[in-house]
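According to Swiss-Prot:
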- 2-22: transmembrane segment (TRANSMEM)
- 31-51: transmembrane segment (TRANSMEM)
- 63-83: transmembrane segment (TRANSMEM)
- 101-121: transmembrane segment (TRANSMEM)
- 141-161: transmembrane segment (TRANSMEM)
- 168-185: transmembrane segment (TRANSMEM)
- 190-204: transmembrane segment (TRANSMEM)
- 211-231: transmembrane segment (TRANSMEM)
- 319-339: transmembrane segment (TRANSMEM)
- 356-376: transmembrane segment (TRANSMEM)
- 382-402: transmembrane segment (TRANSMEM)
């Protein structure tokens, strides 16, 4: 089948981009790893299985278009990352005054727990069924749900920087936050913590991680995800359930194959603006903005159930820009690749969590678990908060002392 062959060709090109990244950066765990762990299984493996099991020949052109879009974006991103800025020679004296992250990780852990506590109190009968909490808090609880997840992710990342000082403390903080994240009914951030940690080892500690470690990581994640689907969806084959669950591309194909009128950037604008306004501030905020409008049009039953509407991947961009979608992807890919390289250089130069958070965001690991909008300004604010918090130490006299920055 032509679609399967093209997906396989795209996978070969991704392998080439990864080997290129390894050769230039000298790291097995590099900028491509989040894409390999998160995106490749979803967009290529599971969707490939779905295409193989289903009759989609009538949508061949649409499938080829969107897989071309996928390759266009990742190629633009990786090439701009690798070739737009030289890697500086770092001066060891630049990392002399290291920030302190024990207090920072404790602070953000405390905030994550306190913010989510009202939800746990209200839905305490569902604590052993976190997915039910997730379903019941889709509307009106974002002011508790998302900040709590965000602070848990930030706390875990800050805890990484205490790993060399105290492994027990680091593991305890990360484990507590993973349990708290699990109680949100959202499994995605836990994988983000794992990916962030191996990137920390590679870019902060400069560990020479072997390729087999990456292979074993893939295997462990595959087992966990398969077990999750086997437990959650008791009917049918877990592999088929995963293939049916990874519906980004086929939903985008649904948009492209319909007579949907182009929105000329309206959906993108709504995703960038409306998603930033809490419903507590704007009670009358529309339910059908951005990609949710597509869900309302194409999956009205799921939309009105309000328990998580289907995602559309690049279908949202296609609804706005049509055949000009690849042009947008090239521009955004190059821009984000340049940003990622800048923050990569700063991360390796300063060994600091605030730059590391920005680097993670630029390569696809967001600490704000919101699917809409490009949350770069918000991540800058979070990075600044981490910078301020890490400038304090908890002294032996039980007081906070602002560290002087000797320049």
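Just so you know, the numbers here start at 1 and follow the chain as drawn.
Positions of Cβ are set from backbone N, Cα and C atoms, glycine also.
Against the transmembrane segment (356-376), stretch 141-161 has more CB pairs under 8 A than any other of 63-83, 141-161, 319-339.
If you look at the transmembrane segment (141-161) against the transmembrane segment (190-204), you find at least three C-beta pairs under 8 angstroms, all six or more positions apart, and that counts as contact. Non-local neighbours of the transmembrane segment (63-83) in the same chain are 2-3, 6-7, 10, 13-14, 17, 20-21, 24-25, 31-32, 35, 39, 43, 51, 56, 249, 252-253, 256, 313-315, 317-318, 325-326, 329-330, 332-338, 340-341, 344; each lies 6+ residues outside the stretch with a CB under 8 Å from one of its CB atoms. Long-range neighbours of the transmembrane segment (319-339) within the same chain, counting only residues 6 or more positions beyond its ends whose Cβ lies under 8 Å from a Cβ of the stretch, are 68-69, 72-81, 84-85, 255, 260, 262-268, 294, 312, 362, 376.
Sequence-distant contacts of the transmembrane segment (2-22) (same chain, six or more residues past either end, CB-CB distance under 8 Å): 28, 30-32, 35-36, 40, 44, 47-48, 51-52, 56-57, 60, 63-64, 67, 70-71, 74-75, 78, 82.
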